[in-house]
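A short worksheet on the structure shown next.
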Amino acid sequence: MAHAGTLEIKNLNKQYTVKGEPLPVLENISLSIKPGEFVSIVGSSGCGKSTLLRLVIGLEQEYQGEILLDGKRIVGTSLDRGIVFQEHRLFPWLTVEQNVGVGLLNADLSPAQKKKTVDEHIALVGLKGFETAYPYQLSGGMSQRVAIARALVNRPEVLLLDEPFGALDALTRSHLQQELQRIWEAEGITAILVTHDVEEAVYLGDRVVVMQPRPGRIKRIVDVPLPRSRDRGSYAFSQIKDDVLSEFSDTPHSDVKLVTPQESLGANWQFAW
Amino acid sequence: MTTSTISSDASLPQLRRFDWRGLVLPAGFLLVWALVTALGWVNTKLIPPPQAVLSTAVSFIGKAQFFNGLGASLWRDLAGFAIGSLAGVVFGALLGVSRWAGRIVGPTFHTLKHIALFAWLPLISTWLGQGDAAKVLFIGLSAFYPVALGALEGVHGIARSQLEVARVYGFGRVQLLFKLILPGASPQILAGLHLALIYAWLATIGAEYLLAKSGPGIGDAVIQGKAAFDVPLVIFGMLLIGLVGALFNQIANRIEARLLRWRDARH
Ligand SMILES: Nc1ncnc2c1ncn2[C@@H]1O[C@H](COP(=O)(O)OP(=O)(O)OP(=O)(O)O)[C@@H](O)[C@H]1O
Ligand SMILES: [Mg+2]
């Protein structure tokens, strides 16, 4: 079902308007991702990583440049592209299995097939036994695992992950990293992972894209020509890791500024009718 | 399984044990009431003894007038509540969801809601007379406001980030309404419905008092009791009205707790 897509980003520029002033967020991003490739993106906070994923998933329409999937311009969202947001974004009124089922709401499957797929993915993220729990009964890491299951359940061609393991403990994190690698290999999907964790980026990525802030640009792309599964303790691994880390050393930390909260209450999302 | 322990809702209000200490004050009041009337310290024409109220209650409950009255009041109450709250959910949700409705209807709605509820009665009875139509409309209006406001608030409270999830999974309009907007707004809608249930009962009795001599009703019976200087009947009527209100409140509490069991009980 899922076949991998070629993702091409050409001369992408994106700016937000903040208090009437244009705020450039992404500048001249060009990146070509082969079918079935795994690309990691690292960069300091606020350098536009989430914005880049929002553009690829189709939640932002205004930008200059081109984003092409299999040669076709991306317009709006599609079930071919899945995303795990930085926050889990589960619906609190749905149980774990219902939340995962949201991913299949518009899938072309019979109810029995949907149930089976949902169960498989709940087991995959290690939440068997919690099918009927509500989000408030889960820890942050468990919620994030539900969100991962929800994104995977559709078997998307392209899977975008925005710091999906940030909230997890080290053990669960490394377990899920291996699971993600296994799923990616088994399904042959194209994956883009945003992370703060350089080791994670090198462990999972065929390439590591290093971004720099204000405006967000690609600083360097580091190849990771190591066979899988990778040995984090090996010399070659730590050499590549150090190489990526060296790109950060010249970023002054005083530069990091607060990301403005995007979430706001009130009637700020009304439909135009 | 693990879920059986974490999903137990032992903390829900209806399962709390009954606290008998709450009965101390009513019991004391009853005692004082019985004493002062028995000792003749008060005019028992104005303040009849408890046993007089009780015997009135017993004889009144046996009469057809009682059942017809209570039935008529409840029917009007529920009809008005159903119409008003349905209209309230639709109106409030539309106002919250649609930019045009918000801009065109919003200001008028937010101004009109300041008209005290009972101030509508003269106009309504001028149009529709004293009959059931006028009463049901008035009760409906009383239920409409809290539900509409609750639905509006609930829809406004839905996070943009959840709307994005709906977009990612390709929700259509109907799915958006039934899978995100209504469940997302349900805590505020239910709070509005709860308030509406209480307001509607107040409005039922109020309408029967003010639009009197118009068919059976529990408020009507009280008014007749007053006209006949039957104070025990007036007191019994009051107690009955309070009892029905308390019962509605209990039912609403239970339904709310059941439907909102997905919310953190610690809230
Ligand atoms: N809706 C918006 N309106 C205005 N500015 C925005 C908006 N969303 C993001 N920004 C700005 O764009 C910049 C990039 O934000 P983005 O969330 O993409 O960063 P990020 O790299 O994902 O950061 P982090 O690692 O902290 O998640 C930030 O400076 C942020 O303030
Ligand atoms: Mg981000």
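Using N, Cα and C of the backbone, Cβ positions are placed for all residues, glycine too.
Nobody curates TrEMBL annotations by hand; they come from automatic prediction.
TrEMBL lists B:23-42 (among others) with the feature transmembrane segment.
According to TrEMBL, the domain 'ABC transmembrane type-1' annotation covers B:70-252.
TrEMBL lists B:78-100 (among others) with the feature transmembrane segment. Same-chain residues lying 6 or more positions outside the transmembrane segment (B:78-100) and placing a CB less than 8 Å from one of its CB atoms are 106, 109, 135-156, 177, 181-182, 185, 189, 192-193, 196-197, 200, 203-204.
Summarising the annotation, TrEMBL assigns transmembrane segment to B:112-130 (among others).
The transmembrane segment annotation in TrEMBL covers B:136-155 (among others). Sequence-distant contacts of the transmembrane segment (B:136-155) (same chain, six or more residues past either end, CB-CB distance under 8 Å): 76-77, 79-81, 83-85, 87-89, 91-93, 95-97, 109, 113, 117, 120-121, 124, 128, 181, 184-193, 195-197, 199-200, 202-204, 206-207.
Sequence-remote contacts of a segment are chain residues at least 6 beyond its ends whose Cβ falls under 8 Å from one of its Cβ atoms, and for the transmembrane segment (B:176-202) they are 77, 80-81, 84-85, 88-89, 92-93, 96-97, 117, 139, 142-151, 153-155, 157-158, 162-163, 166, 241, 244-245, 248-249, 252-253, 255-256, 259-260, 263. The feature transmembrane segment is assigned by TrEMBL to B:176-202 (among others).
The transmembrane segment annotation in TrEMBL covers B:233-252 (among others).
Only residues 6 or more beyond the boundaries of the transmembrane segment (B:233-252), in the same chain, are considered here, and those with a CB under 8 A from a CB of the stretch are 48, 53, 56-57, 60, 70, 73-74, 193-194, 197-198, 201-202, 205, 218-219, 221-222, 224-226. Beyond its flanks by at least six residues, the transmembrane segment (B:112-130) meets 137-138, 141-142, 145, 149, 199, 203, 206-207, 210-214 of its own chain at Cβ-Cβ distances under 8 Å.
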